[in-house]
C-alpha cells in the first residue's frame, strides 16, 4: 500500500499544473485507498482520529444538506500526498548538506550554557525549510550528551526554535491552512507578520536561557548558518511567486517549489561534479522514508478535510451568529485564539482541527478584527501549541531523537515561553489591527 505514494506524488504535481477537476477526482480515489490502507496499519489513536474526522465531516455535510460535495472536498486533500513526500526529500537533501555538517560541528564545540542558544537559533533557521526534520537533523548532537539535564535543555531549545518557524515558513502546514481560510490575503503579508512574530518569540526564548551574552551568542550561531539564508530567501520568494502568479494554493506552490529547491541545495552544497551521486543517495533515502509515511499523510489530510468542511459550513455560520463573539474586544479575541489553541494542544487536539474550528468561528464574523491580525493570532497559537502539545508531531519527534520523555519536554521553560509569546504577540497584533483597520 505504501508504494501508492510513488504514483500519487508525481500525479498530484501534474494535476496542480493542469488544474483539471476530473484528474483531481481520479487521483483522489487512489488517495482514498492509500489513506484507508495506511490507517489500517497505523496506531489505534491515528485510526480513531481518521475515522473521527471522516465521520465529523460527513455529519456536518449532512446537516448542510451538502453530502454530495464530499468527493470534491476530499479531492482537495491530495496535495498532502505530494507535500509530505516532497518535504521528506528536502530533509534527505538537507541533512547531507555540508553547511549543516559545519553547523553541527561548530555547535558540538560550544560550552554547556551556549549550546541551547545555538540549538534555538539553528533549529529556527533550519526549521524554515526542513520543518520538523530540523530536530532530526540536529539529533546526532544529542547522542554524545551523557548529562540528562543538558540533553533536556538542548531538546527543549530545539523544540522551541523549530516551533517558532511555524509562524512564517511556507513549508509548514500552518500557513497553508491559514491561507486556505483567508485566500484573499497576500502570502507575503502572512509571512511578513509571522516572521516578525517569530523574531519576538526567539527573543523571549533566548531570554529564558541562563547563558552569558545570549544576543552575541545567537549572532554567532546565525552567522554560522549564513550560507543557508540565501536558500531560505529563494525558497520563500519562489513559493510566493508561484502562489500569486500561477493561481496555486500555498501547499501546491510549496510542493512545486521543493524539487527545484532540492536541486539548488545539492548544486550549491556539493558542487555539480558530485551532484549525480549525491542525488542517487538522496533518492534512496527518500524512498525508504516515503514508503512508511502513510499514517502521517492520512491524519493530516483528513484533518485538513474537516477544516475545509468547517470553513464552508452553513450550519457553523448559523451557530456562530448566536454566540455574540462580535461583542468581544479585539485585543481579548486576539489573545483568546492562541491561548485556546495551546489549551487544546495540551488536550491532544490536532492544531489543524483547533485552528480550523477557531477560524470558522471568527473569520469574517468580527468587524473589529482584521483578517491579517486573526491569521497572525492563529499562526501564533499553532506555534505555541507545538511547543507543549503532548500528541504533536514536533514534540514526539523531539522526544524520540533526544531520548527525553515527552512530559519533561512539556514541563519545561517552554511552559513559560509559549504563553508569554502568545500574549505578547496578541498585544502586537492588536496594535497592528488598530493601525490597519
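Cβ atoms are placed via backbone N, Cα and C, with glycine included.
Only residues 6 or more beyond the boundaries of the transmembrane segment (48-63), in the same chain, are considered here, and those with a CB under 8 A from a CB of the stretch are 35, 39, 42, 69-70, 73, 298-299, 302-303, 305-306, 309-310, 313, 315-316, 350, 353. Residues annotated as transmembrane segment in TrEMBL: 48-63 (among others).
Residues annotated as transmembrane segment in TrEMBL: 117-143 (among others).
The transmembrane segment annotation in TrEMBL covers 155-182 (among others).
The annotation transmembrane segment is assigned in TrEMBL to 188-209 (among others).
For 221-242 (among others), the entry in TrEMBL reads transmembrane segment.
Sequence-distant contacts of the transmembrane segment (248-269), counting only residues of its own chain at least 6 positions beyond either end whose CB sits under 8 Å from a CB of the stretch, comprise 12-13, 16-17, 79-80, 82-83, 86-87, 89-90, 93-94, 96-99, 129, 170-171, 173, 175-176, 179-180, 183, 187, 231, 234-235, 238-240, 242, 275, 278-279, 282. Per TrEMBL, the feature transmembrane segment maps to 248-269 (among others).
Taken from TrEMBL, the feature transmembrane segment covers 290-310 (among others).
The list of residues near the transmembrane segment (330-360) in space but at least 6 beyond its ends in sequence, with Cβ under 8 angstroms from a Cβ of it, reads 49, 53, 173-174, 177-178, 181, 299-300, 303-304, 306-308, 310-311, 313, 316, 320, 366, 368-369, 373-374, 377-378, 380-382, 384-386, 388-392, 410, 418-419, 422-423, 425-427, 429-430, 433-434. Annotation comment: TrEMBL describes 330-360 (among others) as transmembrane segment.
TrEMBL lists 372-395 (among others) with the feature transmembrane segment.
The transmembrane segment annotation in TrEMBL covers 415-432 (among others).
For the transmembrane segment (415-432), same-chain residues at least 6 beyond its ends with a Cβ under 8 Å from one of its own Cβ atoms are 160, 193, 196-197, 200-201, 204-205, 208, 330-331, 334-335, 337-339, 342, 370, 372-373, 376-377, 380-381, 383-385, 387-388.
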